[in-house]
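Feature list (source: Swiss-Prot):
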type	residues	note
MOD_RES	Ser13	phosphoserine
MOD_RES	Ser75	phosphoserine
MOD_RES	Lys127	N6-acetyllysine
MOD_RES	Ser173	phosphoserine
MOD_RES	Lys176	N6-acetyllysine
REGION	240-261	region 'Disordered'
Amino acid sequence: MSRRYDSRTTIFSPEGRLYQVEYAMEAIGHAGTCLGILANDGVLLAAERRNIHKLLDEVFFSEKIYKLNEDMACSVAGITSDANVLTNELRLIAQRYLLQYQEPIPCEQLVTALCDIKQAYTQFGGKRPFGVSLLYIGWDKHYGFQLYQSDPSGNYGGWKATCIGNNSAAAVSMLKQDYKEGEMTLKSALALAVKVLNKTMDVSKLSAEKVEIATLTRESGKTVIRVLKQKEVEQLIKKHEEEEAKAEREKKEKEQREKDK
């Protein structure tokens, strides 16, 4: 039934659905996992890297996380070539605003500007929607630290913690369970991000080269965006594994004590 309505992006099906937009969202479901967590003292992005070739030059290559301006960064899930076009557009919008008003663009305004472009691609014929979902982290003087998510339809929302990409439903339920509102520090958010990625990524053992993590904090009145080095990620993974092993031991001891009773 749907085949008559999915050839053009602008045609509604009898149920009121735009199939091309839904197919674009489907593309994101197969992309590497990306998650964002908002903490009291900062905000972070963590992403799964799929392209981990030994000959890849790390200096020039960031697969999932991009800096947009001095106060914002984003992470992408979906078709990487589409993502490059959108991140370039985000940078241009931010620079134009800075040139015009002599101050950094508010986070939500930048997200809205890009979502207007994404939405236009669902309404005009002859073009397909962008097959990309983005997570944006940023800081501005109006609302402090912020985390946003947008999808191919041009829809966006502010989040405390969220996930896009492969196994995102499982990751979101874990975040819902473990996110402690008002108590999250960046340190505990990093530990939670590693825990979630460990559970949701389709690998038997989490390794540092498969993970990209960026943090956004404020230091002496300036926003600092840092992409964690591989050694730092290794330490986080090692710490998580030690805690898992400790919890497992305690669980076994408890079971043993109950048996002995």
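Residue 1 is the first one shown; counting continues down the chain.
Keep in mind that glycine also has a Cβ here, set from the backbone N, Cα and C atoms.
Fair warning: this is a prediction, and the values are worked out from it, not measured in the lab.
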* Structure fact -> Secondary structure of the region 'Disordered' (240-261) by DSSP, residue by residue, totals 21 helix, 0 strand, 1 coil
* Using C-alpha atoms only, work out the spacing between Ser13 (phosphoserine) and Lys127 (N6-acetyllysine) and round it to an integer in Å. => 18
* Structure fact -> Counting every protein chain shown, other Cβ atoms within 10 Å of the Cβ of Ser173 (phosphoserine) number 13
* To do: Only counting partners 6 or more residues apart, tell me which same-chain residues put their Cβ under 8 Å from the Cβ of Lys127 (N6-acetyllysine).
  => Thr9, Tyr121
* Provide the number of Cβ atoms within 10 Å of the Cβ of Ser13 (phosphoserine), excluding the reference atom itself. => 14
* Asked: When you measure from the Cβ of Lys176 (N6-acetyllysine), which residues in the chain that are at least 6 apart have a Cβ under 8 Å away?
  -> Ala161
* Between Ser75 (phosphoserine) and Ser173 (phosphoserine): CA-CA distance (Å) -> 20
* If you count Cβ atoms within 10 Å of the Cβ of Ser75 (phosphoserine), leaving out that atom itself, what do you get? -> 29
